[in-house]
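**Student:** Provided herewith is a single structure, encoded as structure tokens, for subsequent inquiry.
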Amino acid sequence: MIVEYFLFNLLVTIISASNAADLVGTWTTKSRSVVTGPAFYDPINDIFIEPNLTGMSYSFTEDGHFEEAYYRALANPTEPSCPKGIMQWQHGTYSVKSDGSIELTPIAVDGRQLVSDPCSKDVGMYTRYNQSETFNLFTVSTDAYHHVRRLDLASFDDAPMHPMYLVYKPPQMLPTTTLNPASLETGKSKRHVRRDIARSASVGGFIRSDDLINPDRWLWFGIFMTAMGGIAIIYS
């Protein structure tokens with residue numbers, strides 16, 4: 001399948017040899033609404049800024065750093081009027097392997113994810129996000145229709161991703177160092193922050209409040225609730 005996909009690209013694009021240097025810059029999908037950098041995630045206030053349209057963006061530097069931004073809508077077959085919204089951001093380092101694959105290694109404490117389910121919850125789930133990624137193949141070309149540089153990625157299972165187009169070179173990114181060192185957890189201290197949703201992304205206006213939560217806490221919370229016989233416990 002992946003071979004046929006890239007053979008098709010040969011017919012519609014002007015192909016150039018792809019190497020690590022070709023990746024440098026900021027790439028975004030056709031809507032151009034989602035772009036990495038401070039217009040998507042504000043690390044000072046720890047909030048997302050909602051784009052006008054869904055999409056994704058990747059940035060790569062010459063010295064091996066990356067940043068990614070996603071804004072997606074997930075269909076709800078049982079209630080079509082209630083799609084979920086997901087915003088994701090992370091950054092870290094990348095390497096291009098000898099077989100042409102790309103491996104992304106995020107800074108674990110910095111990644112963020114915001115999930116909105118407007119018809120089942122009054123709150124948006126705001127959590128840390130840390131997901132290593134592998135792209136089995138990439139090509140950089142000049143798109144024959146748009147006449148701009150185009151990046152095609154094949155995911156870990158060889159499925160082609162949406163093409164992205166170069167919008168900035170050098171890339172538009174946040175600092176490549178750790179942005180949230182206070183988020184590091186120890187056995188004695190865990191961070192649980194409640195933030196004013198008025199300053200956060202609404203994901204289509206569906207979210208009224210949000211929390212930065214360590215996902216592991218939900219397991220222990222559930223065990224504790226069961227042990228207490230279902231007594232409601234509220235704490236900050």
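A Cβ is built for glycine as well, from the same backbone N, Cα and C atoms used for every other residue.
Since we're looking at a predicted model, the values are computed, not measured.
Got these off Swiss-Prot a minute ago, pasting:
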- Asn52: N-linked glycosylation site (CARBOHYD)
- Asn130: N-linked glycosylation site (CARBOHYD)
- 1-20: signal peptide (SIGNAL)
- 21-214: topological domain 'Lumenal' (TOPO_DOM)
- 215-235: transmembrane segment (TRANSMEM)
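Could you give the neighbours, burial and distances for every feature on this list?
**Tutor:** Neighbour list (Asn52 (N-linked glycosylation site), Cβ cut-off 8 Å, at least 6 residues apart, same chain): Ser33.
Within the same chain, the residues at least 6 positions away from Asn130 (N-linked glycosylation site) whose Cβ sits under 8 Å from its Cβ are Gln90, Pro106, Ala108, Gly111, listed in sequence order.
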**Student:** Can you work out the mean pLDDT of the predicted model over the topological domain 'Lumenal' (21-214)?
**Tutor:** 85
